[in-house]
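Trainee: I have a structure I would like to understand better, so I am pasting it below and will then ask my questions one at a time.
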Amino acid sequence: MLSLIWTVFFVHVAIYLINTIGASTIDGLLWLLYLKLPTSTSKCAQEQTRLKREVVQLKREMNNTSSQDEFAKWAKIRRRHDKTMEEYEKINKTLNAQKTSFDWSVKIARWLSTNGLKIFLQFWYSKTPVFALPQAWFPYYVEWVLSFPRAPMGSVSIQVWSNVCATAISVLAEIVTAAFMQMASRTAVPVAAEDKKEL
């Protein structure tokens, strides 16, 4: 079992990563992974892809066929195109409804596993000290702030520790990002070659 110190830290790392990568990016990736599973939704998505290809192919054929010179052929292709387009729109509407439902489920699960867990930990362990401070090292008012709101005096509360973790993670990420940006911006300085003398 992870200690409370590390649990809070890893929850804040997860929250930071989700906020940095982007919730919509993660939702899109999870949707693609969900479509790879053998479900009715994945079959619907495969059918949608097939119909989309067929609509594009029929549209090309229709554009390549002259409506004046070969009207019968063009009209036949047009009817097939319209029928396929209608099927495609129907499946697309169904798939969009399923994606919306999936997105809501993922958002709820993501919130419960990150921010919901953070709030629960802060409520459940509000009177529990995360760790104790050495006695007489800090003045009374500093101990009071560090134990705010309900932890015993002379200890660090989970709320304070949670804020420290969030701040430390974001500052560390900024430092690492700045270091990578600085390394990436360094370009090789060309060394002047000696002039070749012509003989």
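Every residue gets a Cβ built from N, Cα and C, even glycine.
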Trainee: Scan 111-131, 132-152, 174-194 against Swiss-Prot and say which stretch is down as transmembrane segment.
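Mentor: Feature transmembrane segment in Swiss-Prot: residues 111-131.
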Trainee: In Swiss-Prot, is the topological domain of LEU4 the same as that of ALA173, meaning both on one side of the membrane?
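Mentor: Going by what Swiss-Prot records, ALA173 is on the opposite face of the membrane from LEU4.
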Trainee: Grab the pLDDT values for the coiled coil (42-99) and give me their mean, rounded.
Mentor: 92
Trainee: Near the topological domain 'Lumenal' (132-155), which same-chain residues lie under 8 Å Cβ to Cβ, leaving out any that are not at least 6 residues past its ends?
Mentor: 126
Trainee: Summarise the topological domain 'Cytoplasmic' (25-110) as counts of helix, strand and coil residues per DSSP.
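Mentor: The composition, in the requested order, is 77 helix, 0 strand, 9 coil.
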